[in-house]
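**Student:** Dumping the structure here so I can ask a few things about it.
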Amino acid sequence: MEYSSLRVKDVIKEFHPGGRLGQHSFGERVDAVGFCLFLKTYLEVDEFPEDFCQRLFRYFQHFEQNGSTKSGVFLRDVSCYFSVLEEGQPREKLEFTFKLYDKDGNGLLDSSEVDRIITQMMRAADYLGWDVTEIRPVLKDMMTAIDVDDSGTVTLEEWLKGGMNNVGHSTMTERDGQHIWRMKHFNKPTYCSVCQSMLLGLGKQGLCCTCCKYTVHSQCANKNPEPCARTFVKSKKEVAAHDWIRADCNSTKCQVCHKKIKTLVGRRCVWCQEMRHDECLFSGLSTCECGPLRDHILIIVNELHNPSDPNLFCIFLQIVPIPDTHPLLVFVNPKSGGKQGERVLRKFQHLLNPRQVYNLSNGGPAPGLHFFRNLHKYRILVCGGDGTVGWILDAIDLQVRPPVAVLPLGTGNDLARCLRWGGGYEGTDLREILKEIEAGELVSMDRWSIRVIPDDPQEAGDPVPYEIINNYFSIGVDASIAHRFHSMREKHPQRFNKNNLLFCFYQCCGRSVDLSSMSLEGIAVLNIPSMHGGSNLWGESKKPDSVPEMEPSEVITDPELLKTISQDMSDKRLEVVGLEGAIEMGQIYTRLKSAGHRLAQTSQITIRTIKALPMQIDGEPWMQPPCTIHIIHKNQANMLMAAPTKPSGFFHLK
């Protein structure tokens, strides 16, 4: 914390008995007023936003052991947290932390005290936006190694020696230029960039930086490694400069002298990926054009300091866009697609500026959208499933709506299929995907508001999962809720009989449609031509040449005319399809049958049900008691559609 001239250890003395602020501490805790005074004193400000102070106070309360919410917070946890973020020597921080948690002053830390230290270190790492998925086991291993005599306690000498020779604290003391270490197994001979000896051993042999791929032994991480790639520059003069890092160039040819680069005698520019010998660094082009990913990279970022700002604990950065570029804001759901999300997150942190890549598990999309709020020309890439895409679209609903591309993770991914991004990520080089995004076509996608009004508000039912439809809405039997439907039928057979859908009626733009003459077990309201992993329930439309062009109508129910209607996600129309049952659904999914029964195309729809029925929105199911459902057009989202892989119709699916 460069904006404070005071040290945490000096400030906490004020809370000791007899200190200036001693009346606000009781035992090991400090009350809310004392906490606010701690912040004002430490940060040397006269005023501090009350609401922000309260949020921080509750934050430290929330993470106390066993979920305790007693009044006050542990002063040592607050002190440990902020001391980790301070500038200073690792040894000094280690000694301060040891004494802070050695409650009885016996010169030993027991296992519970060590666990508390690990928790606070994890909290600080998470706040800094680091990848913490593997930090906890690394810290645990470090603590085990520190206890050299296996006594179950750690002495100050063991603490200092272990802390200075392990990765734990080194990752906590860096600012810009910090490495994001990750334990890794290497499939080919790899050398430590510090001691230049080979990484040996079974399993994970060393540490690799997620962002710049700098590689070291675990014990070399604290031996003054070269800094990581810069995430911002401090003046516009530095914008066009290369950022060279040590790299294993694998006999790649130098792009200045065109001779092969031997192991550990070359460097790579993290932005343009150009490789040179050490002695060739200052030859050739002196400016960096950011290479093939120039249009996506967020490169001009200035650090600002403003102690009076309400968001005091954020790193203050201001984006100054490069002319004629469209920086890419990347959101990754690490839980999507098994381990796919975590791998994609690391790859994008390497390819782009880590400050433009956001882990949705850490605060959702709000931090990224806030950071990009002043940019007018940027794109968004959502890495996840349809639910993740809907989450992001909801978040940008009230802002400038940048175009959104999708990297589908996991299975299903109906929206991604319609936008030609495919049904799932298969390990394609992400640089190729970034090229496709750059060449993507801007299309509009309708979004629909859905309101479910129960006949009896007191009757128990599941909560409605969404208020917006992006893909589809369905009632009754379909693939994603069939298992739940049949389990409910077995449990309550009297409620399902022949599984027929019983509606009073449904209305399209006020026009009533009677379904009593049709034997249906499901109805689907479609916005896009894909459902449950690529099934097109509307089917293909062939428009005879003899049919003249017609003005679009708010509602079409004529069976012959419906045969000529094609789907379009931007026409502000929904397609309504009837489904006879699970067998028909299976036939459609296996392509044995082309489509369901076309019922209508409409700009709004009202459905009234008279019994409890299973329903779903965009793949999220629930059981709904009798109700009235209103669906109307809400707005349109800007989406990016990939170029077709071969000449085809508008909705060619990969």
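The backbone N, Cα and C atoms fix where each Cβ goes, and this holds for glycine too.
For 89-124, 134-169, the entry in TrEMBL reads domain 'EF-hand'. Annotation comment: TrEMBL describes 178-228, 241-288 as domain 'Phorbol-ester/DAG-type'. Annotated domain 'DAGKc' per TrEMBL: 323-454, in sequence order.
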**Student:** What is the three-state DSSP composition of the domain 'Phorbol-ester/DAG-type' (178-228), stated as helix, strand and coil residue counts?
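**Tutor:** Tallying H, G and I as helix, E and B as strand, the rest coil: 3 helix, 12 strand, 36 coil.
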**Student:** If I take every residue in the domain 'EF-hand' (134-169) and average their pLDDT values, what number comes out?
**Tutor:** 62
**Student:** By DSSP, how many residues in the domain 'DAGKc' (323-454) are helix, how many strand, and how many coil?
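**Tutor:** So the domain 'DAGKc' (323-454) is made up of 45 helix, 33 strand, 54 coil.
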**Student:** Take the domain 'Phorbol-ester/DAG-type' (241-288) and count its residues per DSSP category (helix H/G/I, strand E/B, coil), listing them in that order.
**Tutor:** 3 helix, 15 strand, 30 coil
